[in-house]
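Engineer: This is the feature table in TrEMBL:
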type: COMPBIAS; residues: 444-456; note: compositional bias 'Acidic residues'
type: REGION; residues: 29-56; note: region 'Disordered'
type: REGION; residues: 436-464; note: region 'Disordered'
type: REPEAT; residues: 56-98; note: repeat 'WD'
type: REPEAT; residues: 116-149; note: repeat 'WD'
type: REPEAT; residues: 202-244; note: repeat 'WD'
type: REPEAT; residues: 278-319; note: repeat 'WD'
Amino acid sequence: MEAFLLARSTGELSQTSFERVTTTGLVQSFAPAPQHRFSGEADNSEDEGPNPNNSIWAHRTGVSALALDKFDGRLLLSGGADGSLKLWDLHHASNPNSSHTFRPIANIPRSIAGEGSSHTHGITHLDFYPFDAEAFISSSYDRSLKVWSSQRMAVSGNFDLKSTIYTHAMSPVADHLLVACATQHEHVRLVDIKSGSMVQSLVANGGAVLSVAWSPRREHVVATGHVDGKVRIWDVRRASGIVGQLDQEDNLGVVHRFKHAMASGMNWNQMPHFRSSALAHHGGVNGLTWTDDGKYIVSSGLDCRIRLWDAATGANMLTSFGPVIQNQQPKTIDMFVTPARLTPAGRELLFWPNEQEILVMDLHEGMLISRLRVPGPSTAAGGQGIGGLNVKNRTMGMVWRGNGGYRFPKGPVMGGGSACGAVYSAHLDGQIRTWMPRLKGPDQDDDTPEPLDRDEENTHRKRKALDDAFRSLMGRQITFG
C-alpha cells in the first residue's frame with residue numbers, strides 16, 4: 001500500500017486507478033465479522049451464557065430472504081421461513097469494529113388463521129423499490145405478492161397469483177412499475193403495481209420459472225430461467241415477447257450468425273435468430289443476474305454449472321468455475337456480482353452461496369479468490385439443535401452493502417454509514433451473518449503472511465511429508481548387478 005501511496009503522491013498513479021486498487025483489495029479480503037450479531041428476541045436473556053453466538057437467532061425458524069437499502073446502506077430487511085418480516089437499522093452500530101447486537105426496529109409476525117395482512121407461509125424473496133427505500137415488495141409460498149410501506153410496515157398492495165412464487169424482480173432503470181414473477185406456472189407473470197393488476201403473461205412452455213432478472217440498461221428487457229434448462233430473453237413491449245435464447249453450444253453469438261447470413265446471401269429477417277431447442281444448462285436454471293453495466297449475464301443451473309454470457313450477442317464466454325460448485329437444491333439462488341466501478345474492467349468478482357460457505361470468484365477467469373466458511377457445524381446430532389431448531393447452516397441468501405445506488409442494481413459505493421463495506425448472509429439455522437473486509441492497522445506489514453487455518457495446516461503437513469519421501473527415494477543411489 002505504501003508503494004501505491006507514493007505513486008499517487010508523485011502523480012504516477014491517477015486518483016481513479018488508486019481508488020480501484022484500494023477497493024479491489026477490499027473486496028478480495030472479506031472475512032467473518034462475528035462482532036456483529038442479529039437478535040430477533042424482545043429481551044436480552046439470550047445474550048447470556050458461555051457461547052452467546054449459538055443462542056441468538058434473527059428468525060427462530062430460519063432466515064429465508066434478505067434485502068438491503070442501496071441508497072444509504074442503512075435498512076436491512078429479513079424474511080423468515082415462517083412468513084415473518086423484520087427490519088433492522090445498520091446505523092445503530094456506530095463503530096463497525098466494535099461488538100454490537102442488532103435488534104429489529106420493526107417486526108411483522110406471521111399471519112395465523114387469516115388474522116392480519118402479513119404472509120402465512122415462508123418468504124421466498126424481498127426487494128426494496130429500485131428508486132425509493134420507503135417501500136418494499138415481498139413474495140411467499142402462500143402464493144401472494146405484497147407491497148409494503150417501510151415506515152408504517154403496513155401492506156399497501158396485495159396480489160394473489162394463485163401459484164407458488166419462487167422469486168420476483170423490478171427493473172432498476174424503468175419508469176414503469178412492472179414486477180416480473182417467477183412462479184410454479186410455466187408463464188412469466190407481470191404485475192403492474194401502479195394499476196394494481198396482472199397486465200401480462202410471457203408465454204413459455206418450459207415448466208416452472210425458477211429465476212428472473214431485468215436488464216440494468218434496457219428497461220423493457222428481462223431474462224428468465226426455466227426448469228427445462230432454458231434461459232429466455234424477453235422484450236415486454238413485443239407481442240411475441242421472446243427475442244433470444246441462450247445456447248451453451250454457441251460461443252460466437254448472434255453477430256457471427258448475422259455475418260454468415262450476409263455472406264451466404266440469405267435474408268436475415270426471414271431466418272430464426274436462435275435455436276428453439278437451445279439449452280443454457282442441463283438442468284433447471286435457478287439463478288440469474290446481470291453485471292451492473294449490462295454487458296454480461298450470469299446463470300446457474302441444477303447441473304452444478306455457472307455460465308457467463310455476452311449480453312449483446314448471447315455468446316457463451318466459456319468461463320469455467322471448476323468442480324467446487326454445489327447447487328442441487330431446487331430453490332432460487334441469490335448470487336451477485338460486485339459493482340463494476342470497484343475493480344478494473346474485466347475483474348469483477350462473483351459471490352456464490354455454496355451451501356455452508358460463500359465462494360468469491362473471478363467472474364471472467366473463474367478463479368477461486370477466497371472461501372468464506374460459515375461458522376458452526378453443518379448439522380447437529382439428529383438434525384436438530386437447541387429448541388428443536390435445524391442447525392444446518394445452509395446459506396439461503398446474500399446482500400451487498402453499498403450506497404449511492406440510484407439507477408444501479410446495487411450501491412456502487414462500498415459500505416454505508418461508517419462501514420467500509422459488508423456482505424450479509426441469511427442462513428437456515430436462523431442467523432444473519434456479517435462479512436467485512438480486513439483492514440490492516442498502521443503497524444501491520446502488507447507482506448506478513450496470514451495464519452493458516454486447520455485444513456491448510458493439514459494440507460501443508462501432508463505435502464511436506466510427501467516431498468520428504470520423494471527426496472529420500474530420489475536421493476538414494478541405485479546400482480544394478
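Glycine residues also receive a Cβ, built from the backbone N, Cα and C atoms like all the rest.
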Engineer: Do the repeat 'WD' (202-244) and the repeat 'WD' (278-319) share at least 3 Cβ pairs under 8 Å, sequence separation 6 or more?
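Structural biologist: Between the repeat 'WD' (202-244) and the repeat 'WD' (278-319), contact is present.
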Engineer: Same chain, outside the repeat 'WD' (278-319) by at least 6, Cβ under 8 Å from its Cβ: which residues?
Structural biologist: 207-208, 210-218, 223-231, 233, 244-256, 325-328, 330-337, 339-340, 348, 350, 352, 363-366, 408-410, 412
Engineer: Grab the pLDDT values for the repeat 'WD' (56-98) and give me their mean, rounded.
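Structural biologist: Taking every residue in the repeat 'WD' (56-98) and averaging pLDDT yields 94.
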Engineer: What is the three-state DSSP composition of the repeat 'WD' (56-98), stated as helix, strand and coil residue counts?
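Structural biologist: Counting residues per DSSP class in the repeat 'WD' (56-98), I get 3 helix, 17 strand, 23 coil.
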